[in-house]
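Visitor: Attaching a single structure in structure tokens format; questions to follow.
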Amino acid sequence: MKYISRIFWIALGCTFLFPLYWMISIALKSKSEAYENPFGIPSSWKWQNFSEALSKYNYFTYLENSLIYTLGTIAITLASGSMLAYCLSRMQWRFNSSALFYVSLGLIVPIEVVVIPLFQLIKLLHLKDSYWALILPYSGFAIASCVLMLYAFLRSLPKELEEAACIDGTNVYQAFFKIIFPIIMPALVTQCVLIFIRIWNEFPLAFIIASKDQFRPLTVGLLSFFVNVGVSDWGLIGATMFLSSLPMIIVYMIGNEKIENALTAGAILK
Amino acid sequence: MNKYFSTKMSIFVFATPALLLFTVFCVYPLVPEIWMSLQKHNGFQSLGFVGLDNYKAIFASSSFWTAHKNTYLIVGISLLLGIPLSMTLALFMEIQTPRLRRFFKSAAMFPAILSVTVVAQIWLAFYEPNWGLFNSILRAIGMDSWTHSWLTEKNTVMLSIGLTFLWQYIGLNAMLFYTGIKTIPKSYYEAALIDGANFAQVCMRITIPLLQNIIKYVLILSTLGSMAFYSHVRVMTAGGPGDKSRTVIYQMYYTAFDTSEFGKGTAIAVVFILECLLISFLIQRFVARDKLEF
């Protein structure tokens, strides 16, 4: 009984990993083998799919764009979000609770439903062909959960924290960067991981707004590549899929524990 | 001392950047959205004010209702299948050996970190009618009559896409539940053990009731996530066959960007925002209203 349940769990775990195996195995197969033996182990390893992928697929452009979008969003969201959270939790402002409520409304509406006006707004602000066209809306939508999480974190800290700084004659900006910033680091790391996973894999908005190839992130670039190749060359498709997922797979392998904690942190706080 | 820090100037400096970003890109778009939905609009300019005509038109179109049926099918799948299944996984994860649990946790979360484009394209190969995984398995065990052209038949297409979605996020939800289970104080279980309760009783009487905060969180996350269901459809079927796998968001994109009916597209969006607000309100109102403290 014990062994049966153990085997069942291993098998179940493997069903989640099967696509990873399949992506790699099909990438190593020749065109004809991909059809004759689509799910088995490749008979011999052929690397030409990868070299073909690197020459036909603008991998490094898309990779660079994904990095710019993700890191840009993280920087802007964490900087502005932590400042607002600090203001709402520690400063005496008449509108603290109403501002908090206002920001929390951002959790209800999914970004997809405002794609059309956002598209118009980006054109109006002349941001259309720049990285800001995605970074700014992404940040706007990431701020709600960032502020709420940091607010909860800051509220749990003792009020006396900045008092010493106050006596030393430090001003509020120095106090924020030298005292508060290091303390809220764990929460910032959590937010960083959450935003990274979300923006790195974001598709619906990028699909509409990054219409020029040179501004496409990996998710959208990959789809347009699939559409161009058609469904004839699965070896090539497998290679591009693997290359596109590789950064995330590496991040996941290194920061497995951190990612797990970050993804589940929101559930505990709420 | 907080008074000393809370000058008008410092509040302004700290609050403005985030509030400005949030307002401009998250809240303000609702204004042109509503305004545009009352006009005939081709994406470049307004072709005149038409009042509620766009709303009448979308309510009269059958694609709009097909899209709603599909979206709520996905919501149904993720709430009625996804949540109970991931809860079951989480409950049984607790009684595994630590090594097996670690392996399972890493494996189950893996699909959730892959991009939708990759996951959907992989499943496209699984559903392929001639050499795809599912039909190959069905043929191998002699159930040829069960094979389908999964993504081009109107009866199977939405369930097939839904299964992909379910598979991608079930592990993540299980992890959320499992994290919640870990926060329940051990003393509750010790008391139950003394009373001679079995595993099923412990799950039903202790674990699940004490998890209501997390259940609510996952419920909101899953509901809003599946309401916005779009990307898988875009990659796997592009809404086909016909409009049979379009979701509401897909229908909105299609109406605005493929047929240049921006007025009708925004009308769909406005109706859908109201639905999202209503559902969030219902969850807040009726599920787990008291916050549990241990």
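Each residue, glycine too, has its Cβ placed from N, Cα and C.
Any TrEMBL annotation is an automated prediction that lacks curation.
Under the heading transmembrane segment, TrEMBL lists B:12-31, B:72-95, B:107-126, B:157-178, B:214-233, B:267-288. Taken from TrEMBL, the feature domain 'ABC transmembrane type-1' applies to B:68-283.
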Visitor: Short question: which residues 6 or more past the ends of the transmembrane segment (B:107-126) have a Cβ under 8 Å from it?
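Guide: Result: 89, 132-134, 151, 160, 164, 167-172, 174-175, 231-232, 235-236.
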Visitor: What residues elsewhere in the chain lie close to the transmembrane segment (B:267-288), defined as a C-beta under 8 angstroms and at least 6 residues from its ends?
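Guide: Sequence-remote neighbours of the transmembrane segment (B:267-288) are 30, 33-34, 37, 54-55, 57-58, 64, 212-213, 215-216, 219-220, 223-224, 227, 248-249, 251-252, 255.
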Visitor: Can you tell me which of B:12-31, B:72-95, B:214-233 gets the most C-beta pairs within less than 8 Å of the transmembrane segment (B:157-178)?
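Guide: The stretch I would name here is B:72-95.
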